[in-house]
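S.K.: Handing you this structure, nothing more for now.
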Amino acid sequence: MSKLKNQAVNSIKWTTIKTVINSLAAPLLLIFKARYLSPTEFGVMAIINVFVSLISVFENFGVSTAIIQKDEITKNERSSLFVFQTAFSVIIGILIIVFSPVMSAIYDMDALTSLLPILSLSVFFNAPVILFTAFLEKELHFKALSIIQIIREAVLVIATVIFLMMDFGLLGVVLGQVASVAVMAILVMIESYRADLLHLYWHFKLNEIRPFIKFGIYIVAKQLMTQITHHIDELIIGYFLSAEILGLYHFAKNMLGKLRILITTSFAKVMFPVLSKVKNDMSRLTNAYNKISKYLGIFAFPIFIGIAMTAHSFIPVLFGSEWIESTDFFIILSLSYIPYILTANLATSLLYSVNKPNLVLYTDIIVNSVYILILLVFSWMGLGIYSVVILYAVYLVIKTMTLQYLTTMYLHSTFRSYLALFKNTVIASVLMVLVVAGVRYLSTGNVSNLVELILSVIGGGLAYMVTYYLIDKKTLISMKDLALNR
């Protein structure tokens, strides 16, 4: 048990390091792409990203989770799984090549005809990655895997940046993706060989992989529903509107999504385990839930309200004037991300910890289905991009508030008491808004966007931190102690 405990602690440490590094790299790479790609090219990239997300779901087919879940896997089963995974990846890659002209015609994006076949190379390279990564995770080789994934992210960033600086455009983005997957495939196979986990020979029996597929198909179904719901707005915008509008929307949505992941990374690692440990003590469970909610609010409110308040200045400064039309998208989505960050992952973790996954599933099915239906109707009626953006923002709020309502009912609490947790955060945020608005009023026409942005960040940040410290010093001290004692 001592060895297992040490392995678990070491695994968590390296997984956290990997997650933090990758979470920091993602928004930085997105900023760099925005400097070298036009909104129209970003629109094409949005469709490519949708394909990458959907392909990753189908390509895995839930087999990875099934491998980790099963106690023992024979040499025959390993070989059959390898043959199946390789053949399945080849089929998906061929389908991408065959249907790339069709997708190009549907979305009126000629670049897809040449870019999707190149992207199919990453599918071929990824076949061994999926399988052997699962075997390495099963044996708790998280340190090696984390280092490999950090190297992959570094290759992705460096290769993409170099290709973009060489004016490869979208081709550079796709080549960077292919290069990173190829490097990871090589490193994963080397590590699997070093750990003596290959054990393969030419063998295949369908009966040997049926249990894995049967287990994985449910996972695929849920992941597919999640990915479709997350990307359906982009698919619809790309079909009904222009690639440029899609690029502006995808840029704002993707940037805010990366920032959300960066904020919630550390909390996500501890939420489910902490809530699971106290699930049988309602008082402690409620206290833990409220405390984590409050901590999340301290970060979420100032960051995303700050984004909404300064979007007009940081967009031209950081990304260029061609992205100024995405300002409204940043404002609308950033405000809707506040309840999303506060509730979505946390409420889901609590409901999972108390063995209520059915409530999460039913909420997903109902809310997602209604959202997709209304989105299709709005698009068919030709209501335009703002109807899509506002609908997505409303969807996020309704979904998160529904999950929070279910959580509140389980905790025998009230929605009013939940909202009261953020009283001090709201007060500090209001003062921050007043300071930033004052800076904006005094700066308009007098200083550059860069100077206005710097003054807004410094003034607003100081106003928020000083105000919160004065009215709720105790919470800040407890957060500091928690961070130092982790």
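Glycine is treated like the rest: Cβ placed from N, Cα and C.
So TrEMBL has the following annotated:
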type: TRANSMEM; residues: 12-32; note: transmembrane segment
type: TRANSMEM; residues: 44-68; note: transmembrane segment
type: TRANSMEM; residues: 80-103; note: transmembrane segment
type: TRANSMEM; residues: 115-137; note: transmembrane segment
type: TRANSMEM; residues: 144-164; note: transmembrane segment
type: TRANSMEM; residues: 170-190; note: transmembrane segment
type: TRANSMEM; residues: 235-252; note: transmembrane segment
type: TRANSMEM; residues: 295-318; note: transmembrane segment
type: TRANSMEM; residues: 330-352; note: transmembrane segment
type: TRANSMEM; residues: 372-398; note: transmembrane segment
type: TRANSMEM; residues: 418-441; note: transmembrane segment
type: TRANSMEM; residues: 453-471; note: transmembrane segment
S.K.: Excluding the flanking five residues on each side, which residues at least 6 beyond the ends of the transmembrane segment (144-164) place their CB within less than 8 Å of a CB in that stretch?
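M.R.: Distant Cβ neighbours of the transmembrane segment (144-164) are 14-15, 17-18, 21-22, 25, 28-29, 32-33, 36-37, 133, 136-137, 171-173, 175-177, 179-181, 183-184, 187-188, 191, 195.
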S.K.: Excluding the flanking five residues on each side, which residues at least 6 beyond the ends of the transmembrane segment (235-252) place their CB within less than 8 Å of a CB in that stretch?
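M.R.: Result: 30, 34, 38-47, 49-50, 106-109, 319, 323, 325-326, 329-330, 333, 375-376, 379, 382, 384-385, 388-389.
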S.K.: Using Cβ atoms and a strict cutoff of less than 8 Å, what residues sit near the transmembrane segment (418-441) while being 6 or more residues removed from its termini?
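M.R.: Sequence-distant neighbours of the transmembrane segment (418-441): 290, 293-294, 297-298, 301-302, 305-306, 309-310, 342, 404, 408, 452, 455-456, 459-465, 467-468, 471-472, 475.
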